[in-house]
Amino acid sequence: MSAPDLKRAAAERAIPLVEDGMRLGIGTGSTAAAFIALLGERVRAGLTVTGVPTSEATRIACEREGIPLATLEELPELDLTIDGADEVDGNLRLIKGGGAALLREKIVAAASRRMVVIADASKRVETLGAFPLPVEVNLFGIGATTRAVEAAVAAAGCIGEIVRRLDKAGQPVLTDGGHALLDLRLGRIPDPEALSARLWAVPGVVEHGLFLGIADAAILAAAEGDQAVVSVLGRL
């Protein structure tokens, strides 16, 4: 069973959580894309929802599927957010931001009564950090900010390298908000809360990809033979 099949299986389990009339935060990334496609089918079948997208890419995908959209200014309180994750541990702590939408994703999730993660089971880890941790930073003073982030990482007991994210053409990636991304290749984050606090203390850091105390549940799809087996971490 392929990774896209598993992502679709996780998304299928999340679809029944969406009720008529909901105000829905809609995530970014390949698993969220599977959810958007299924949600579009439900909308065309008569489901009434209003979505708030977490990125321009998600906005375009939702519009293509005919999903009604609003901004967070228009709908400042959401019922549910469905989004993917790059890593999730047993305490529902996440690393997100591989799709460069971490700031908007965190704002939308924080505005929601509930956040449910959908992912294939390979994203489930014992300790966060194998996936590079994204840190969104202001372009002004990026050199000084990078040095301060390096010091924060060391003070939090982490070891690794920090690189600026580049696109496939070798150009620096900019977020939808016009900020740069640093990827922290740490391998292991022994104390995510400590690292989060250290990063927040750095002037120039706009947001980081540690989502702590935000997710309520994670739907994880694993392959067993040619079947997808879906498990739930937390409470749906």
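Any Cβ shown, glycine's included, is placed from N, Cα and C.
Keep in mind that this is a model prediction, so the values were computed, not measured.
Summarising the environment of SER30 (substrate binding site), the number of other Cβ atoms within 10 Å of its Cβ, over all protein chains shown, is 14. According to Swiss-Prot, the substrate binding site annotation covers THR28, GLY29, SER30, THR31, ASP83, GLY84, ALA85, ASP86, LYS96, GLY97, GLY98, GLY99, LYS123, on the basis of sequence analysis.
Take the CB of GLU105 (active site, proton acceptor) and look out to 10 A: across all protein chains shown you find 31 other CB atoms. Secondary structure at GLU105 (active site, proton acceptor), as computed by DSSP, is helix. Residues annotated as active site, proton acceptor in Swiss-Prot, with sequence analysis given as evidence: GLU105.
Note on the binding-site residues LYS96, LYS123: the fewest other CB atoms within 10 A surround the CB of LYS123. Around the Cβ of ALA85 (substrate binding site), the same chain contributes LEU94, ILE95, LYS96, VAL117, ALA119, LYS123, PHE211, ALA215, ALA218, each under 8 angstroms and 6 or more positions distant in sequence. The secondary structure of THR28 (substrate binding site), as reduced to three states from DSSP, is coil rather than helix or strand. Taking GLU105 (active site, proton acceptor) as the reference point, the binding-site residues whose C-alpha atoms are within 10 Å of its C-alpha, out of THR28, SER30, ASP83, GLY98, are THR28, ASP83.
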